[in-house]
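Chemist: So that we are looking at the same thing, I have put the structure below in structure tokens.
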Amino acid sequence: SQSPGVLESENSLDLLDIMGNFSYDDNVTFLDYGAAPCHNQYCPVFQRVAPPFLAVTCAAAALGTGALLVALAKRPHAWGWPQSRALVAQLAAAMGLFAAVLPAVAVGAGQGWRLGGGLCRVTHLLWHWSLFAQGLLLGSGCCCGSVWCRWDPRSRRLAVATWAGALVLATPAALTSGTAAAPEVSCLRRSVDVLSPLYLLHLGLCLGLFLLLPAGLLVAVLAAPRLRAGWEPGAGASWLFFALWVPYGVGLAVDFLLRAQLLQPTCGTFERFDYALGLSEGLGVLHCCLGPAALLAARLC
């Protein structure tokens, strides 16, 4: 999230003009069509709440992922179709990669980003790499899960293609991020214009992961009887990933419409939307600690 910046004016300013120059993540004070000032107080709240939330989530994710890996090692024959051991191990690795990024994000949110623009981009690259890897793994497990039943050359090729493809899909996230010098240096998720081709590519990939992929998998599972094995308890737990990230996907779509001025923002929208977007992203972050617990619980049931 961007650090707070303040815009002050004694004149009546048009809301859309201001929205075109400032991010919703800014703490901006302005006059709404000559009426009462609008105040976005999201950034101070984020900087106060995010570090402890991310720290607790990271600790819980480390414990859950560790327990899941121990279960995979101790009971290798307990994992079969549709939740094969190879697939679950890779999901655990992807969730662990996501959790490993959280300490840097927590420190950056609480004290300002001091690691430089390069490491800011690396952080966003790893964050999205883990998310795309999980999405592709879940998609392959739902549509061609029998491939993961054995760790043979075929499944190894699929694993390499999945992780390499996820890295390629995550690259625009790194290229569109950066740092900004405000009262405190901050690591920004978007450092380019909202209508730039690179950001539109990144946005399209995120919406594909968070909205189109789960919708497509749901239709495929309902339409093809052989894929309905994915609704068994062991595989149904993996759908938790999509359930937690769908609200954030919707939030990203609305955020783009507001930033591109395709929706008419109001003072109330300006003041409250960041909270809704932040809460939806926080909900998605919980997947790295709830996912291992759900997979373990499904296997024990």
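Yeah, the Cβs are placed from backbone N, Cα and C, and that goes for glycine too.
TrEMBL labels come from automatic prediction, so no person has curated them.
Okay, these came from TrEMBL:
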type	residues	note
TRANSMEM	53-73	transmembrane segment
TRANSMEM	85-106	transmembrane segment
TRANSMEM	126-148	transmembrane segment
TRANSMEM	160-180	transmembrane segment
TRANSMEM	200-224	transmembrane segment
TRANSMEM	236-258	transmembrane segment
TRANSMEM	278-298	transmembrane segment
Chemist: Among 53-73, 126-148, 236-258, 278-298, which stretch has the most Cβ pairs under 8 Å to the transmembrane segment (200-224)?
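Modeler: Most Cβ pairs under 8 Å with the transmembrane segment (200-224) come from 236-258.
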Chemist: Using Cβ atoms and a strict cutoff of less than 8 Å, what residues sit near the transmembrane segment (53-73) while being 6 or more residues removed from its termini?
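Modeler: Contacts of the transmembrane segment (53-73) (Cβ under 8 Å, skipping residues fewer than 6 from its ends): 79, 85, 88-89, 92, 95-96, 98-99, 102-103, 105-106, 109, 282, 285-286, 288-293, 295-296, 299.
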